[in-house]
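S.K.: I have a structure here, written as structure tokens, and I will follow up with some questions on it.
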Amino acid sequence: MELQRSTIGHGMPKTTWQWLRLLGPGIIVMLADTDAGSVVTAAQSGAQFGASLLIPDLLLIGVLYLVQEMTVRLGLITGQGHGELIEKYFGRKWATLSVLTLFLSAVGALVTEYAGIATVGQLLGASKFWFVPLVALALMSAAFLGKYRRAERFGIILGLLELAFIPAAFFGLFKGIGNVQSIWILPFGHEDFAWMVAANVGAVVMPWMIFFQQQAVSDSGLTPGQLKIARRDTLLGAVLTQAVMIAVMFTAAEAFPHHHTLTSIASLAQTLVPLLGHSAIIIFGAGLFGASTVAALVVSLAGAWGMAEVFGWKHSLNSDFKETPQFHIVYALSHVIAVLFVLVAIQFVSLSIDVEIMNAMLLPIVLGFLIALEYRALPHHWKMSHRRRVLVIITSIVTILLGLLTL
């Protein structure tokens, strides 16, 4: 089979260190999944509805894993990117449509990430006019390191900062657990609840995640013989990202026990001071910085990869600028444009939630292509079983319907 890649000499790792070295694509994309917009969405959910969205957020772990596992198999077995496969099996017009969804999602997300970075600067008393461009320069340099693994490790180190939200949430819960009782209350009668459910769905499955992870597993050197490790990587990432979302939701629920609409992240951080002490601003700032920066790296790479795939440009992170000039230029320009938007003026909270709603509305296109490619592009023994395909289709339909609740 032409698409099946060789597995000789590339089996499962024999030591813990070898196993850890192979982790990466799943973790970095999932850490990026809990981006600045997702953090705001989780905070707004907790501030407005307490812990009511806990059960939906837990169920979304399974949805996220099912979606990204298909992406992993497509990347490992074919060695091709998502846009390339769509063009190969469905033609240039459909590939262009897929890249359009990627473009819309990536632009909205990248502006949101830099708005989050500007908010961190505000929390620390730093002007966005030098803080944001400085961070942008650091992120732009990541694509010029000449190796995928270097950029990946850089991103994971940044992304791990968002785990600061988890101990903060537990500490807040020990202070008072009144809002946890709202776990069993799903206020569908409230006019804003459906909107927040849709935003949470959109915060979990995003077009750029699929483009990124499919190319990343190929660039990382993983092979079909290492599918098991790639699946574990993806599952671990799915659990981590939702743990962070839930932690932020609980923290906001304790900070706003009387259900307020969140107006700014700075106000949330200030409200956490009675719960967490003066370290609240540092903790929340570190978490938001990690979420924003790793997502900015992943989103911009996904966008540049997607465009390069459809236009036929070389686009490996393992190549230098001379070999892949168009890819690197698109990557750098995306950061510059997002920074300019943020320096002009952006309302962070409303933009973040609107972007997640847009992601939810793009789900029919994104999941439709993914399921169709899994069926058409993979050799028979790498495809899902009939039962699993039915489960994935039903899960996707339910997820899409939840995402479209606001229409």
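A Cβ is built for glycine as well, from the same backbone N, Cα and C atoms used for every other residue.
So TrEMBL says this about it:
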TRANSMEM  20-43  transmembrane segment
TRANSMEM  49-67  transmembrane segment
TRANSMEM  94-117  transmembrane segment
TRANSMEM  129-146  transmembrane segment
TRANSMEM  153-173  transmembrane segment
TRANSMEM  193-212  transmembrane segment
TRANSMEM  233-253  transmembrane segment
TRANSMEM  281-308  transmembrane segment
TRANSMEM  329-351  transmembrane segment
TRANSMEM  357-378  transmembrane segment
TRANSMEM  390-406  transmembrane segment
S.K.: Counting Cβ pairs under 8 Å that are 6 or more apart in sequence, does the total for the transmembrane segment (357-378) and the transmembrane segment (390-406) reach three or more?
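M.R.: By the criterion, they touch.
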S.K.: With a Cβ cut-off under 8 Å, give me the same-chain residues at least six positions beyond the ends of the transmembrane segment (193-212) that come close to it.
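M.R.: Long-range Cβ neighbours of the transmembrane segment (193-212): 29, 32-33, 37-38, 41-42, 44-45, 48-49, 52-53, 56-57, 60, 63-64, 67-68, 71, 81-83, 98, 101-102, 104-106, 109, 186-187, 241-242, 245, 298-299, 301-303, 305-306, 353, 355-363, 365-367, 370, 399, 402-406.
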S.K.: May I ask for the residues of the chain that lie six or more residues beyond the transmembrane segment (329-351) and have a Cβ under 8 Å from a Cβ within it?
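M.R.: For the transmembrane segment (329-351), the list is 36-37, 40, 44, 106-108, 110-119, 128-129, 132-133, 136, 139-140, 143, 262-265, 296, 300-301, 303-304, 307-308.
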S.K.: Is the count of Cβ pairs under 8 Å between the transmembrane segment (94-117) and the transmembrane segment (281-308), pairs 6 or more apart in sequence, 3 or more?
M.R.: yes
S.K.: Sequence-remote contacts (6 or more beyond its ends) of the transmembrane segment (390-406), Cβ cut-off under 8 Å?
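M.R.: Answer is 56, 62-63, 66-67, 70, 194-195, 197-198, 201-202, 205, 357, 359-361, 363-364, 367, 371, 384.
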S.K.: Establish whether the number of Cβ pairs under 8 Å between the transmembrane segment (153-173) and the transmembrane segment (281-308) reaches at least three, counting only pairs separated by 6 or more residues.
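M.R.: Yes, the stretches contact each other.
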S.K.: The transmembrane segment (129-146) and the transmembrane segment (281-308): do they have three or more Cβ pairs under 8 Å, with pairs 6 or more apart in sequence?
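M.R.: Counting Cβ pairs under 8 Å (6 or more apart in sequence), the transmembrane segment (281-308) reaches the transmembrane segment (129-146), since there are 3 or more.
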S.K.: Do any residues of this chain, six or more beyond the ends of the transmembrane segment (233-253), have a C-beta under 8 angstroms from a C-beta of it, and if so which?
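M.R.: Residues 22-31, 33-34, 38-39, 41-47, 50-51, 53-54, 57-58, 60-61, 64-65, 68-69, 72, 162-163, 165-166, 168-170, 172-173, 179-180, 182, 200, 203-204, 213, 262, 268, 272, 275, 287, 291 contact the transmembrane segment (233-253) from elsewhere in the chain.
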